[in-house]
Amino acid sequence: MNANPKFLSADARVDAAAVAPLPNSRKVYVTGSQPDIRVPMREITQADTPTSFGGEKNPPIYVYDTSGPYTDPDAKIDIRAGLPALRQRWIDARGDTETLAGLTSEYGRERAADPATAELRFPDLHRHPRRAKAGRNVTQMHYARQGIITPEMEFIAIRENQRRAEYLESLKASGPNGAKLAAMMGRQHAGQAFGAAAFGANEAGTNMLTEITPEFVRSEVACGRAIIPANINHPETEPMIIGRNFLVKINANIGNSAVTSSIGEEVDKMTWAIRWGGDTVMDLSTGKHIHETREWIIRNSPVPIGTVPIYQALEKVNGKAEDLTWEIFRDTLIEQAEQGVDYFTIHAGVRLQYVPLTANRMTGIVSRGGSIMAKWCLAHHKESFLYEHFEEICEIMKAYDVSFSLGDGLRPGSIYDANDEAQLGELKTLGELTQIAWKHDVQVMIEGPGHVPMQLIKENMDLQLDWCKEAPFYTLGPLTTDIAPGYDHITSGIGAAMIGWFGTAMLCYVTPKEHLGLPNKDDVKEGIITYKLAAHAADLAKGHPGAQVRDNALSKARFEFRWEDQFNLGLDPDKAREFHDETLPKDSAKVAHFCSMCGPHFCSMKITQDVREFAAQQGMSEDDALKKGMEVKAVEFVKTGSEIYHRQ
């Protein structure tokens, strides 16, 4: 199925499921130093602790929210108009950009003038593209290196902290046991951060960073250890950061192909992905109407959008890689930069000398972009135009603040090929290209594998940190085994959690359809939830400040049999509630002190609570209560004849 013009021109509507607030949640905004710095978060309301457990108040939990205005009941959502230009005033105030009279890319102008695409196009070019003024650099890295803290950096600092300090203060004020409760709920295991600066040199917990400040954000961007993907032509985006010293982020891939999916379906996938926690979205469309699909997605996306420009360039030469030219690729970069793409995957590290190294692989070259460039190199027997024109690409990137995502075109497609000479040779080249981009103050992250068994994952991370000078690592998984088609979200989730712990800044999700087909909405959600789990597990393992707050809150709710809070504090409240209700559907089961796993008589948490209640009644400690209970049972055993078994 391809795009439906009538649907897009007249009847485009947002997916109703994507705009419904999550249970017991509401959108809140934290205001920064100026009124238009309004940082969104999701507030999850909790019930009071039952009287039998002390009856204290449980204040709301605040969690990172990527859903943009879509889950705000007060927002007016019309995907035909796009989202509000959140960052426009900040961009204007810097005075270093100019508004263009219209599109400057040749292909962009052709599409705008083509009557055949009129009904497909996003309604009107309501915001003319912008570009840096002559001689100016508009990247967040450039500002950071000038010592400037931008509104984007302040926004990010507030967002990363998730109102953790306010939450702990609200616990302290909750009653006579408030201080004790705050200490309990704020407790966190010391992490092992493998040298990440935000977590201090001492893994025992001293000298740890306890709060993300705007200055810390600036310093991390300035040194290249983090990036803020925020094209000046995507003012709708809510600023976020990708770096090993911040919360681990996840990316969701969407995009049509030549045989399936429409523009409307891809917009729905985007809104669905960000509802469940996608921090960025990559549009990997390879079918018809790539330009129009991307415009609809960007104008309606509150998260950064990434692309692989070589895919569209290939479409322009009818799929013949050898016919690609620098001029076609350059025009494609400008076309997409003017639309507002925030980061480009560019496979400039695929060099002619590395291609023969893949000959003895089990699975050869599995990256689409990598195979395109390898074919071009062999056809022309020269270095790729991406490598030869890299400095010119940097000039384009810094005129729009597009970040590099330097592609791993020679990543392993099987664990057999992991960490081979081709993969590592390309990685070393990516480190060299990073230094060139940084000379231009262009932001860079590095893409990584792929398929890697667990014992080789840390080597990947260590080499990347060394050769790429701590530029953020962005990995696809890695998949830790090749035996589970249909379950590769799990095989890769294992590797993702590990490499996130070791220092990867962003994890590219894998869905159950990996290697099998184009994912639908259900697959997108499954991949997102799996990777949110992996990212959170990595944050916990690193000891990221406040990472354990949500775990502690859910564990407390579980022990107190606050079922609704258990559902709502989880990553997927809908599935948790569905599983519980399969066996205990009645409302009365939502307050029961057991579930269907153990039943009312064998619930370990209920037994623990009975011991505590007995101890309180007897005026003794829990240890003494357990000892007393054992003595009583011993007397009963002797009185009944010291028989292990009794007939009923």
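Note that the numbers count up from 1, one per residue, in the order the chain is shown.
Cβ coordinates are placed from backbone N, Cα and C, and glycine is handled just like the others.
What Swiss-Prot records for the substrate site is Asn253, Met282, Tyr311, His347, Ser367, Arg368, Gly369, Asp408, Gly409, Leu410, Arg411, Glu447, and among Tyr387, Tyr474, Tyr487 the residue it adds there is Tyr474. Cβ neighbours of Gly369 (substrate binding site) (same chain, under 8 Å, six or more residues apart in sequence): Val308, Ile310, Tyr311, Thr345, His347, Val350, Gly407, Gly409. Put simply, the two farthest-apart Cα atoms among Asn253, Met282, Tyr311, His347, Ser367, Arg368, Gly369, Asp408, Gly409, Leu410, Arg411, Glu447, Tyr474, the recorded binders of substrate, are 20 Å from each other. The number of other CB atoms found within 10 A of the CB of Asn253 (substrate binding site), across every protein chain shown, is 24. Under a cutoff of 8 A between CB atoms, and with a sequence separation of 6+ in the same chain, the neighbours of Arg411 (substrate binding site) are Val366, Ser367, Gly370, Gln423, Glu447, Gly448, Pro449, Gly450, His451, Leu476. The binding-site residues in question are His451, His515, and the one with the fewest Cβ neighbours inside 10 Å is His515. In sequence order, Ile242, Asn251, Ser405, Met445, Ile446, Glu447, Gly448, Thr504, Ala505, Met506, Leu507, Cys508 constitute the residues six or more apart from Tyr474 (substrate binding site) in its chain with CB-CB distances below 8 Å.
Of all Cβ atoms in the shown protein chains, 25 besides its own fall within 10 Å of the Cβ of Ser367 (substrate binding site). Between the CA atoms of Asn253 (substrate binding site) and His515 (Zn(2+) binding site) there is a gap of 14 Å.
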